[in-house]
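Q: So TrEMBL lists the following for this protein:
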{"type": "DOMAIN", "residues": "25-187", "note": "domain 'FeoB-type G'"}
{"type": "BINDING", "residues": "32-39, 78-81, 138-141", "note": "GTP binding site"}
{"type": "BINDING", "residues": "ASN43, GLY44, THR46, GLY47", "note": "Mg(2+) binding site"}
{"type": "TRANSMEM", "residues": "319-340", "note": "transmembrane segment"}
{"type": "TRANSMEM", "residues": "382-403", "note": "transmembrane segment"}
{"type": "TRANSMEM", "residues": "470-488", "note": "transmembrane segment"}
{"type": "TRANSMEM", "residues": "494-514", "note": "transmembrane segment"}
{"type": "TRANSMEM", "residues": "554-576", "note": "transmembrane segment"}
{"type": "TRANSMEM", "residues": "596-614", "note": "transmembrane segment"}
{"type": "TRANSMEM", "residues": "619-639", "note": "transmembrane segment"}
{"type": "TRANSMEM", "residues": "651-668", "note": "transmembrane segment"}
{"type": "TRANSMEM", "residues": "688-712", "note": "transmembrane segment"}
Amino acid sequence: MGLTNQSTGANALDKTLNLTRNSNTKIIALGGNPNVGKSTIFNGLTGLNQHTGNWPGKTVTNATGSYTFKNFQFTLVDIPGTYSLMANSVEEEVARDFICFGNPDLTVIVLDATCLERNLNLVLQTTEITNNVLVCVNLMDEAKRKGISININKLSMLLGLPVVATSASKGEGLNDLMNSVHNITINKIINIPVKIKYNQAIENSISIIQKVLKPLLNGKINSRWVSLKLLENDKSLIESINMHIGFNIYDNPELTDSIKLAKENLIQNNIDEKNLKDEIVSSLVLKSESISKMVLSVSNSKYNDKDRKIDNIITSKKYGLPLMILLLGIIFWITITGANYPSELLSKFLFSIQDKLTELFLYIGAPSWLEGILIQGMYRTLAWVIAVMLPPMAIFFPLFTLLEDLGYLPRVAFNLDNFFKKSNACGKQALTMCMGFGCNAAGIVGCRIIDSPRERLIAIITNNFVPCNGRFPTLITIITMFFTGIFIGPFRSLASTVLLTLVILLGIFMTLMISKLLSKTILKGIPTTFTLELPPYRKPQIGKIIVRSIFDRTLFVLVRAISVAAPAGIIIWVMANISIGDLSILTHCANFLDPFAHYLGLDGYILMAFILGFPANEIVFPIIIMSYMATGSLLELGSTTELYNLLSANGWTWVTAVSVMLFCLMHWPCSTTCLTIKKETQSFKWTLISFLVPTITGMIICFVFTSTVRLLGLA
């Protein structure tokens, strides 16, 4: 049976990725190692004309975009960043399968000009699958700054492929890239790329299989490359081939006999399965090294010395962790200090609008219940959420993105790797934990970078111990009101920063402890090794950082919070204003929860606020305030003093404040995070465990803390 468009699954891929194939539209695959500027090229070519989703059957994000050049439409498919196509991870499997089965008209491989030798490995692997390859050598500006020069014409000649030089961050070379893509796909320029020659025994074994396999594949897939993978016993590829051709290749007796004969030939030459992989990798590395030496010249052999000197400090055992904590503290200090005044102004502005809206409702004679639901309930909740959330997010996200652009976050993973290793978890979990600071749902999605299913589950279950941006306002407000009141001026914000940093460190500590516990119980195993690339330090692009952090993160999180806060405000107002007997529904619910909440150092209103805040953590504190108001309306706050007086009048002490902070740090994930966990794990069981683990942990910690304080008479 030959391969058809339907049997290869190309149509399924096209449908999932929103791809349209016709004579005027060309499909371009965009691949490369991580940190080579692939996303910059993708964004530079497609602009805002993009679509994101998941690869079919995988939890790996895809991005597609389009651009027009010389009256032709080009659709770019952003392949996951990968160092290899040998399918040791889901990302590598996705990249390999799209190049092999997705039938792109051209595959563009982006290289880092400062790491040419290592990047060439991926080019050579890609040319084993297809001849339709274009090489884009990016970051030429960085290479020039480091004294590295590359002979692009010679590189093109040695590879047998067209090569384009770019500096995508400056927009340089993108037009040349589009022109080369056009020439190859529209003018049908045929490439004859260099091929890797393995030792004679391997070549003979490839030939044995290829003779039988070639007619079966009908020229749709590179038979030489598939023959090599059959020798390697690449099970993931064999499964993909079987799925796309519609039958099991091992059902063909002639083919299985040829595979057996080819492997016997290798054994006779002292090449087993492991040695075969070593031979293949060695051949690729030697060829990459050979080509690199012929095209590369370095005028400054110490071009990496500056980065290494910085790394010797930032990643050292002595200074690495203290500097990391200091940087974390600086970010929190800037966020707390910078957000106070804008939050106050925004609050006054939004509540002044509320007064106007109330006057409008009175003027038009609207029913009081309608004014109560829409203004006292919905609008005031929204006003609080926006006033409290927007300023910290608008400051925190750009600062966090700045560290990403500088290349610091991989150093965080490096510094924490030993701690996670001792917890029998993966060092990559540090990166997903950092992503959780912005949004735990994003941190859950980020767990895809962890290859081991066991370690990925540990990272998913423990991600909620890191407070997301929706919980920061609650933590900051409580710290400011109850624990830093004795300080004045800049010392108050400094004290708040120290306490908030300690809370975050407690969250990290609990992440490590629970990871250790999980790895000794329901997720037993030993930590896997992983290779971590420390990218060069790069000058951040401030303008792009601000735009990306505001549109991709701040507004995204804010819109989600608003969409949840609006109905929540209505529900709370209704519960507070409809009575059963002498008490409102809200009070009845709080009284029911109060005995249990008392053991946790909380009260019924606080616990109910956490329950009703399940859709979004941002609305928990507004619900607490609203619940305490005798009128059933949200308090219009003029200062934190008024809020402190309200909480104190309802029985809050320093013990209550600490208990709320602990439970805020350790309780169930929000609804969005739970849905994300279900999507990532494809399991109700692991979603439930991810819900229960932080919840039970938080309850135990709160109970132990409260009981200890009460026994010591400190409450």
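Just so you know, glycine gets a Cβ as well, placed from its N, Cα and C.
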Q: Would you identify which of the binding-site residues GLY32, PRO34, GLY44, GLY47, PRO80 has the most other C-beta atoms lying within 10 angstroms of its C-beta?
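A: Counting every other Cβ within 10 Å of each candidate, the maximum falls on GLY32.
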Q: Take the C-alpha atoms of GLY47 (Mg(2+) binding site) and ASP78 (GTP binding site) and report the distance between them in angstrom, rounded.
A: 14
Q: Excluding the flanking five residues on each side, which residues at least 6 beyond the ends of the transmembrane segment (319-340) place their CB within less than 8 Å of a CB in that stretch?
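A: Distal contacts: 313, 391-392, 395-396, 399-400, 403, 408, 411-412, 414-415, 472, 476, 480, 490, 493-494, 496-498, 500-501, 504-505.
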Q: Report, as a single number, how many Cβ atoms besides its own are within 10 Å of the Cβ of LYS38 (GTP binding site).
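A: Neighbour count, Cβ to Cβ under the 10 Å cut-off: 25.
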Q: Report the same-chain neighbours of THR46 (Mg(2+) binding site): residues 6+ apart in sequence with Cβ closer than 8 Å to its Cβ, ordered by sequence.
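A: GLY65, SER66, TYR67, LEU76 - these are the non-local Cβ neighbours of THR46 (Mg(2+) binding site), listed in sequence order.
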Q: Restricting to the chain of MET140 (GTP binding site) and a gap of 6 or more, list residues whose Cβ falls under 8 Å of its Cβ, or answer none.
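A: The answer is ALA113, ILE150, ALA165, THR166, SER167, GLU172, GLY173.
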Q: Count, for each of 382-403, 494-514, 554-576, 688-712, the Cβ pairs lying under 8 Å from the transmembrane segment (596-614), and report the range with the highest count.
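A: The stretch with the most close Cβ contacts to the transmembrane segment (596-614) is 688-712.
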Q: Quick one, of the binding-site residues VAL36, ASN43, ASP78, ASN138, which Cβ has the fewest other Cβ within 10 Å?
A: ASN43
Q: Please give the sequence-distant neighbours of the transmembrane segment (554-576): residues at least 6 beyond its ends with Cβ less than 8 Å from one of its Cβ atoms.
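A: Apart from its flanks, the transmembrane segment (554-576) reaches 372-373, 376-382, 385-386, 389-390, 393-394, 397, 438-439, 469-470, 584-586, 589, 612-613, 615-616, 618-619, 622-623, 626-627, 629, 632-634, 671-672.
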Q: Per DSSP, to which secondary structure element type does GLY32 (GTP binding site) belong, with helix, strand and coil as the options?
A: strand
Q: Do you know offhand how many angstrom separate ASP78 (GTP binding site) and ASN43 (Mg(2+) binding site) by C-alpha?
A: 10
Q: How many Å lie between the Cα of PRO34 (GTP binding site) and the Cα of GLY44 (Mg(2+) binding site)?
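A: It is 17 Å, counting Cα to Cα.
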